[in-house]
């Protein structure tokens, strides 16, 4: 059945900012959808609030709106663009919920917009827990015994009926948000309360606990002729109880019998038909009892999901692309398989290799968070590996996580019987470190029966891990490493580093092991992902390594450039770096063969048809060097780009160069120069530029001496960090003592000598009340091109990745911008930059300070590119390949005159706001971790507000980042520190003028009273200074108060917005309870005066209700006209 001819234009809704449970996989699926629609001659209208996405590039759609995914905004875009259809199944839960809201508001009917990909009824049946249960029953399948609740009273009645443990699953949420396993009434009330709150329909499913069962997933697709294919079965190594996003998963399934698999297939096909998904795909999760084989259907997603991206990359079967074609009316047998070019999409993929996905976590960013893995997803990223067997695949995946000690290690003494007993107790609870603890227990002598009893991980997987340990012990104890034994180690997934450690050679022994391996002629070969287990030839070069006999690499003629990706998403290194890598691939592909190396299944860069060759491999020195050596034999290689993928590839630069690999762009020596305190200090001295006073310290005594010389407050951090890891603002000696004690405790015991750290702490003067600025620029050795000057909304002290910022800057003078331009030129010249550089500055009392410089792509490059209409990363890639800025001006990649540092009258304003994952991270007793922002980055994603002025743009950024955006009336609670009290009267008067009622603690209320401003007094909550914020609180009843504290008022829904600026770190726990309650209630809250002042401007803009809705194509045209007029 050919495609429908009545659909001429389609609106695609993206997934918005990167959050836990909904990450880069939806940029991948949305990008595929846009490409397919445009290939089919359909006009594409795209809406997404995330600027760090390839799908929001202007060439991906005819009209691209970087706007909040909110019903009023979506209606304005629909009214303007009049699409024939809406495709919501490729933007995750956000897009699905937005489509449902548009349907319920009557917008789709009003503008005659048809929903394609899945009907409202199908979405409802798949997402509504009660309706889905009926579908499962009608399919002849079984659900866990369950009931629906909309209140805690209903929850209690269900608990009486079923008993404990119970699983709580909210309707219409993603990543298991608000879900959990309750073992008693207290846990049930906490989890179910959160679930009802986070469900848009205030609905939770309470079901019998099935912890310990085996968990499986099926990815299915169905067309309008009722053809159904199972794209990929996936098995979770962790049993039911751990969210699939937090579990190690594998394909194909290893522990299902053929009969069980056929039964899952039959149930899955019946369910996709019963739900009514007839032009797209879905994901269905199952539980199988390990002893009886009883099958229970857990849930389904009637859309492209996180697992869809994994299944696509695992098999080479492009689910999002095919789902889009099905939504247009094609049938599976009419769609060609891109990889084979000779089989239709109705042929189910077959794989002859093993795929393993390992999650990456960020608990270190959230002190106090409960590290237990449950049904609510907590991982921030994932890595995938392909190999010839499970052991090799697991080893590759674990080292792909790019986290210290994430691979198995056998360092130190063999665990004692006492330690084994402790480890067996520890692995009862699933955590990030469970598999490392499990391996140590096995090394120490734990039996398979003991490990199975503790974890309920299927014995087949445990046997494989036992075999890895057995091989490791053979390597450790052998007299010599024979070719046979070394190959056995490689087949068991052991890296050269791991083998070196087993042989007692340490990290430095990696080169020795590699040289020995090469002497033996033992090198990996590269196999092709072909969707058909080699039954047909593959037309697309998509490779993975394994230790087999024959390589499938083919010779090439053009010179090649290898681009190293950023690996798994993490806080501090996310989708922004994949964006820059993809731009480099797109641009350099015009003149070179582009070779992409990455291990993240969520990203656009790992799409099989994005680059000329794709290697799905770990980003380690060993793996990258092997790829370079293999590619050299296939054709000429110009060099490797390490500047675009963040810290991961950057950290490999020096070693790759030393091994003879040409590094394109800024040299490793120049990268080190910018990160070396003394050398960079010389660059600044020569340029006559200021830096905050600083010192270094290896001990507490040295740290105190430096802090006293510099003067408190100081910013303390370890050497060489990404995302502000370990940074803290320290206000006194007592706090400094704690920081150094913690640093000593975290360092390896054998590296601490006489209370001295192995590497120095960096101590800087903290610039209080300074204006912080980010500058992104290009440099070719002679000419500088400013990509963007971004002014932070918060004062210095909040990590640049968490701070809101505006482009163009809103308060900087022409003279200040001139000084920033001159400073950036001097630094780029002094550091010998060839490509991108990011410099962070601060203005304090109009004195310019340089905070740091990074000679690489920064996380603000996509934002600056979208705000200025210039593809900075594409130009950077060409400069790294040897071209000049003048060349880029001539070829149209850069503006013919001027640059992104110029401000034009009438120019649109862009505001970037960060999105934080605090609601995901709770303490063991169920409270959210503290949200206070500081120098350590904690955000997972970002949004962009785009409008004619700062207030409107900031208002949009808040609407995009937080459900409902900013309130326009209601009650505001204010509690500020002593320093901020002098600014309080003006803020209070403005709030009154805007129609808000004020609530305050006694101290703040008394200040307001002196200025004739009345407020409602609430009781103060205080905790003992420097104690655990979980500690019991003392309630102080204030004279004239309403008899309640602010937490009680928040819980009663009587507070609409909060301003709570804390004092120094020691007393910051005072506001913890307030901030935790506000997070639980989804209230907008501000912890700095400057951001609250910005919010007041935005609230006034919201009240006018006159947002300007403009596509980025229209914006670029307007910007071009302004520049042409000016120059």
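Yeah, the Cβs are placed from backbone N, Cα and C, and that goes for glycine too.
Under the heading region 'Carboxyphosphate synthetic domain', Swiss-Prot lists 1-402.
The annotation domain 'ATP-grasp 1' is assigned in Swiss-Prot to 133-328 on the grounds of sequence analysis.
Annotation comment: Swiss-Prot describes 285, 299 as Mg(2+) 1 binding site. Within the same chain, residues at least 6 positions away in sequence whose Cβ sits under 8 Å from that of residue 299 (Mg(2+) 1 binding site) are 132, 169, 284, 285. In the three-state DSSP scheme, residue 299 (Mg(2+) 1 binding site) falls into the strand class.
Among the features that Swiss-Prot reports, Mn(2+) 2 binding site is placed at 299, 301, with the record citing sequence analysis.
What Swiss-Prot records for 299, 301 is Mg(2+) 2 binding site, and it gives sequence analysis as the kind of evidence.
Secondary structure of the region 'Oligomerization domain' (403-551) per DSSP (helix as H, G, I; strand as E, B; remaining residues coil): 76 helix, 10 strand, 63 coil. The region 'Oligomerization domain' annotation in Swiss-Prot covers 403-551 and is backed by sequence analysis.
The feature region 'Carbamoyl phosphate synthetic domain' is assigned by Swiss-Prot to 552-962, with sequence analysis given as support.
According to Swiss-Prot, the feature Mn(2+) 3 binding site maps to 840, 852, an assignment based on sequence analysis. Applying an 8 A CB threshold to same-chain residues 6+ apart, the list for residue 852 (Mn(2+) 3 binding site) reads 839, 840.
The region 'Allosteric domain' annotation in Swiss-Prot covers 963-1127 and is backed by sequence analysis.
Mean pLDDT for the domain 'MGS-like' (964-1127) in the predicted structure: 80. According to Swiss-Prot, the domain 'MGS-like' annotation covers 964-1127.
The Cβ of residue 301 (Mn(2+) 2 binding site) lies under 8 Å from the Cβ of 126, 282, 283, 307, each of these being in the same chain and 6 or more residues away along the sequence.
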